[in-house]
Amino acid sequence: MSKPYIPILLLFTTFLHFLSPTTAEIKSLTITSDTRPMILFEKFGFTPKGHVTISVSSVSVTPLSSSSSSSSQPESSRLGFFLLNEETLIQVLIEIQQNPSFCVLDSHYISRLFTFRDLSPPPSASFNRSYPVTTPNEYSLFFANCAPETSVSMFVLTEIFNLDADGSKDYLSAGQTQLPSLFFLFFLAYLTFFVFWIYTCYTNKRSIHRIHLLMAVLLIMKALNLICAAEDKHYVKVTGLPHGWDVLFYIFQFIRVVVLFTVIVLIGTGWSFLKPFLQDREKKVLMIVIPLQVLANLASVVIGETGPFIKDWVTWNQVFLLVDIICCCAIIFPIVWSIRSLRETSKTDGKASRNLAKLTLFRQFYIVVIGYLYFTRIVVFALRTIAAYKYQWVSNAAEEIASLAFYIIMFYMFRPVEKNEYFVLDEEEEEAAQIALRDEEFEL
C-alpha cells in the first residue's frame, strides 16, 4: 500500500465532521472501474446490538496495464471490507507511515469483515453476510484495494442498523435516533409561530408591508421543511428507506433557504418599510445570492443522497462550504450600506430622532445576523466535532434553537405595529439624538 492512504483517511475524517453523520439507510451502488485505494461507504454509531450486512455481486478486478495482466491476477486477499473507529485511526496512520507498502487489511486495529478470497466462484463472484457489532462505538465502513495497478467493479448493497430492546431494527445512527421527535417538536414551534404572525399581521393591517408577507412565507416553508425532515428520519429509522420524504425535504429546504437569504437582504436594504424599491447594487446582491443558493442546494442534495463512496464527494463538500461562506458574506453588505446611508441622511434631513431609531435598529440587526451566522457555522460545527457519537443530536438541537431564536428576534424587530418604537418621532429627544448620531458608536 502506498502513502496516498494517509491523506485519503484524513480527508474523509475531516469532511465527515462538517455534516451530520451519515444516515445509514439501506443503500445500493454500482462501482465501475474504480482505482481508488480506499472507499468510504458509511459512518455509523453502533449500540451493543449493532449489525452490518454487506452484499456484493458481479465483482471483477482488472489490471490496468497489459504487463500486469500477462503476469498474474491480483491477490484476492488484498481487497476487502473493514470497519474502523476514530480511536484506532491514528494507529493505522502510524502503521502506514512506518511502512508505505503496508496493507490496511493486515492491521490489528481494524475489524476486517471479508476479503475477495471469500467470494463465490465466477461468474457470480458474490458474497453476502451479516456481522454483529458488539462493541459500541462509531465506526466507518471502508473498502480497501491493496492490489496496485488494478481497478474494481462491483455492485454493493449495505444495510447497517442497531436492534432496539423489542428486537426491531433502527437504521439511524445511535446519535440520531432522537431526530424525528426533535424535528417534529420544532415543526410545532414554527407552526405556532406562523399562526401568531398571521394574527399579528391581521390585527395591524395598516402597518403591513410586503416584507411581512414574505416573512410569513419563510415561516411556513421552515415548518414544512421540518415536518419533511421528521418524516424522512422516521421512515429511515423504521424501514431504512425515506419513501419519498427526502425529495420533499430538499424541495422545501431549497425554497426556505432562498427565502431566508432574500428576507435578510431585503430587510437589510430597508425594502418595503423604508423604501419601495431596490437600488442596482442591492439587486446585484440578490442576483448573486439566489443563483449561489441554487448551487449550494444542488451540492447539498448530492452530498445527502449519495455519500463518501462517490469519487467527487469531497469536491461537492468543498463547493457547498465555499458557496455558503460567500452567501453569508454577501448578505451583510446591504445592512452595512443601509447604516452608512442613514448616517449620511441624518446630516441633511434634520430628523435626528427618527434616524437614530433607524440606525439603532439596523445596528442591532447587523449584530443579530452576524451572531446567527457565527453560531450556526462555527459553534454548531464545533459541537459536532467534540460531542460523543451518542450525542450528535445535540448539534442539531443547538442549530434549531439558534435558528428559532434568530427568527423570533428578527420578526420582533420588524413586526407590523402602528406605532413602532423605532420609528416614533419625539421632539424632546431630538437634541439628544443629534448628539448620538455624531458619536462613533454607529461605526462598524
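Start at 1 and count along the chain as shown; that gives each residue its number.
Placement of Cβ uses the backbone N, Cα and C atoms for every residue, glycine included.
Bear in mind that TrEMBL entries carry predicted annotations, made automatically and left uncurated.
According to TrEMBL, the feature domain 'CAND6/7 N-terminal' maps to 27-162. Annotation comment: TrEMBL describes 181-420 as domain 'GOST seven transmembrane'. The signal peptide annotation in TrEMBL covers 1-24. Annotated transmembrane segment per TrEMBL: 179-199, 211-227, 247-273, 285-304, 316-337, 365-387, 393-414, in sequence order.
Within the model, the domain 'CAND6/7 N-terminal' (27-162) shows a mean pLDDT value of 88, rounded to a whole number.
Here the transmembrane segment (247-273) has Cβ contacts under 8 Å with residues 209-212, 214-215, 217-218, 221-222, 224-225, 228-229, 232, 279, 282, 285-286, 289-290, 293-294, 296-297, 300-301, 304, 327, 330-335, 337-338, 358, 362, 365, 369, 410, 414 of the same chain, all six or more residues outside its ends. When each of 211-227, 316-337, 393-414 is checked for Cβ pairs under 8 Å to the transmembrane segment (179-199), 211-227 comes out on top.
Helix, strand and coil counts from DSSP across the domain 'CAND6/7 N-terminal' (27-162) read 28 helix, 70 strand, 38 coil.
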